[in-house]
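Visitor: A single structure is presented below for examination.
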Amino acid sequence: MPDADRRDMLEKGFSNHMADKEQGPLLGRSNPAGKLPQPEKKFQEAVCVLLVELCERFTFFGIVCNMILFCTVKLGYSSYQAAIVNMCFVGTSTLTPVLAGWLAEYLVGRIKLVCICMFLHFLGTALLPVVSFPFEDVYINRRHVLHALPKREQKIVFYFALLTASLGIGGIRAIVCPLSAYSLEDCGPKELLSFFNWFHWLVNLNSAVVFVSISYIQQSVARNLGFLIPFVSGLMAMITIHMIRGEMIYKPKTDSSLLTTFGVIASALKTRCVRYRYFSTGVSNWLDHAKENHGGQYSETQVEGTKSLARLFPLFTFQILYRTCIMQIPSGYYLQTMNSNLHFSGFVLPVAAMNVISIVPLLILVPILECINSWLFSSKDTGHSPTIYIVVGHLSAALSVMVAGFSEIHRKHFPQVEQTLSEEVLLVSSMPCFHLAPQYILLGVAEALVTPSCSLLSFRLVPERMRGISMHFLALFNGAGCFMGAFFVQTAHAGTQGNWFPHLLHEGKLERFFFFLASLMMVNTLGFWTIAHRYNNLHQDCSNEFRGSLPGEKLLKHEKVIKHYNAVLESSPILSPMEKT
C-alpha cells in the first residue's frame, strides 16, 4: 500500500510538473472581474493578430513590388545591382524575426521591443517616400527649384530606410504575429496542413491586392502616394498598442532557445573530437556527446530536443536552392517583364502586376488540395506525408526557371520598341509580357505545394517545446536562400563580365543564368527525393517520445519494471520458497 501511494504521488507530481511547463499561457489569459470572457477575448486576439499580419504584409510587399524599377530608374543602378538589393532586403526581413525573438527573451523584453520595432517600422516606411519624392518638380515663385537630395545622400537614406523597415518587420513577425499565437498545439496533421494552406492563401491574397494596386499607383498614377504605406504602418501600430494595453501579446514557452540549440551542437562536436582523439566513442548519436553524463554541458532534456530538430536539417538544407528559385520573381523575372511590352488594349500594365499570375495558381490550388488532403488523411491505416508535394513543387520550380530561359531566347527575337515607365523612356522587346506567364504559373504551383508542406513538417516532427525553434531554423534557411540568390547574381555578373546577368537584357545571355539555376534545382530535387522517406511518419507522437527520455519518466518506468518483476516472482510456480525469499 505505501508503495502504491508513493507511486501515485510521484506520477501525479510529475504530470502536474509537465503540465505546468508545457502550458505556455498568453499574457492576460486569466479572466478577472471586468475582463472579456475567454471565447470573446480569444476571438479579439485572433482578429488583432490577423489585422497586424495583413498590415505588415501589405507594407512589405508594397516596398518589394517596385524596388527594382525604383533602383534602376531613380537611383541609376544596374539591373544586377537592383536585383541584389531586392533579394538582400527580402532575406534580411526573413532573418530579423529570429534576431528579434532572441532579443525579446534575453535582452530587451517583449513589450519594449514591440514599441521599438513599431517605431523602426514607421520610420523606415516614412523615409522611403522621402527618397522617392521628386524635389526637382517642385517650383517656388515659378523660378526656383527646390533642392533635391544628392545621389550619395539619397542612397544613404534609402539603405537606412530599408534597414530600419526590415528590423521593424522582424520584430512584428516574431512578437506580435508568431505562429504559436494561433494555438496549434492540439492540432493533428490534417488540421495543421489545412491551417498552413489557408494561412498562406490569405497572405498571398493580400499580396495580390498590393501588387495590383500599389504597383499601379507607384508606377503610373502618382509615385508620391507611397505615403499610403506609412499610413498602413501607423494603423498597424495603433492595433498593436491596443493589443499591448489589452494584454494580448503572446508569450511563448521559454524551455528552449536558439542559443541553447547551437550550444548543444557545439558542445557535441567539441566533446566528440576530444573523445575521438583520446577515447573510444560508445554513443548511438553524435549529439549524445553534449549530455552531462557523456562529458558534455547540457541536460538530457535539451539534447533530446536538439536531436529531434537535427532530423529536419536535411529538409531545411534542400529548401535553400528552392528559395533561390522563388526569389527570381522579384529579380530575374521582374527584369524580363520590365523589358517586355506591357501595353494591353491601350493600357500600360504595372510590372509587378505580373506577379499576380504566380499567385492565381496558389489561390486556385488551395481549395483543391484541401479536398485531396481530406480524402488522404481520412484513411487511418496508411499515413500520408506531404513530402510528395515538396518533390513535385521542387520539380515545378526547376521547370519554371528552365522555361524562363527559353522565354528569354524567345523574347530577343522580337524587335525593340520604346516604352515609358515611371516617366522614363526605355528600349524594350515588343514581345507581349503575357508570353512570360508559364514561368510565373509554374512557380506559383511550386509555392502552393512546398511552403505549407515544409511548415507542416517543421512544426509537426518536433516536440511541442521545440516548435518555435524549428520555425526559426526554417526562417534561417529561407533567408540563406535569398542571400544565395544575391550571391549567384553577383558571381554570374562578375564571372562572365556582365554577360549572364546584363544591365540591358538584349545585350547579354540571361538565359544561361536561368539554365544554370534550373540544372542545380533539378539536382536539388533528386537529392531531396532520396531522403523524403525520412519524413513520412506524421503520426508519431514526438512529445511522448521526448518525455520518455526525461529523468522523471525514466524513474517511473524503472519503478513499474520493479513492480512487475516482484509480481512475477510472487506468482511464479517454478521458484522454490527459498528462492522467493
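Each position is counted from 1, following the chain as shown.
Placed from the backbone N, Cα and C atoms, the Cβ positions cover glycine too.
All TrEMBL annotations are machine predictions without curation.
Pulled from TrEMBL, these are the listed features:
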TRANSMEM  58-77  transmembrane segment
TRANSMEM  84-104  transmembrane segment
TRANSMEM  110-135  transmembrane segment
TRANSMEM  156-176  transmembrane segment
TRANSMEM  198-217  transmembrane segment
TRANSMEM  224-244  transmembrane segment
TRANSMEM  312-335  transmembrane segment
TRANSMEM  347-368  transmembrane segment
TRANSMEM  388-406  transmembrane segment
TRANSMEM  473-493  transmembrane segment
TRANSMEM  513-532  transmembrane segment
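Could you tell me the structural context for the features on the list?
Guide: Tertiary proximity for the transmembrane segment (198-217) is limited to same-chain residues at least six positions away from its ends with a CB under 8 Å from its CB atoms, namely 50, 53-54, 57-58, 61-62, 65-66, 223, 225-226, 228-229, 350-353, 355-356, 359-360, 362-363, 366, 370, 447-448, 451-452, 455.
Tertiary proximity for the transmembrane segment (388-406) is limited to same-chain residues at least six positions away from its ends with a CB under 8 Å from its CB atoms, namely 318, 322, 325-326, 328, 332-333, 336, 369, 436, 438-443, 445-450, 453-454, 511-512, 514-515, 517-518, 521-522, 524-525, 528-529, 532.
Same-chain neighbours of the transmembrane segment (473-493): 80, 83-84, 87-88, 90-92, 94-95, 97-98, 261, 309, 312-313, 316-317, 319-324, 326-328, 331, 454-455, 458, 500-501, 513, 516-517, counting only residues six or more beyond its ends whose CB sits under 8 Å from a CB of the stretch.
Residues 314-315, 318, 321-322, 324-325, 328, 332, 385, 387-388, 390-391, 394-395, 397-399, 401-402, 404-405, 408, 488-489, 492, 500-501 of the same chain lie 6 or more positions beyond the ends of the transmembrane segment (513-532) yet place their CB under 8 Å from a CB of it.
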Visitor: Which sequence-distant residues neighbour the transmembrane segment (312-335)? Criterion: at least 6 residues beyond either end, Cβ under 8 Å.
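Guide: Same-chain residues near the transmembrane segment (312-335) but 6 or more away: 64-65, 67-68, 79, 83, 86-87, 90, 351-352, 354-355, 358, 393-394, 397-398, 400-401, 404, 436, 439-440, 443, 446-447, 450, 454, 457-458, 461-462, 470, 473-474, 476-478, 480-482, 484-485, 488-489, 501, 505, 510, 513-514, 517, 520-521, 524, 527-528, 531, 534-535.
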Visitor: Please figure out which one of 58-77, 84-104, 156-176, 347-368 racks up the most CB pairs under 8 Å against the transmembrane segment (110-135).
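Guide: Against the transmembrane segment (110-135), the leading stretch is 156-176.
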Visitor: Looking only at residues six or more beyond either end of the transmembrane segment (84-104), which have a C-beta under 8 A from one in the stretch?
Guide: 60, 63-64, 67-68, 71, 77, 110, 113, 117, 162-163, 165-167, 169-171, 173-175, 178, 257-259, 327, 330-331, 334, 468, 472, 475-476, 478-483, 485-486, 489-490
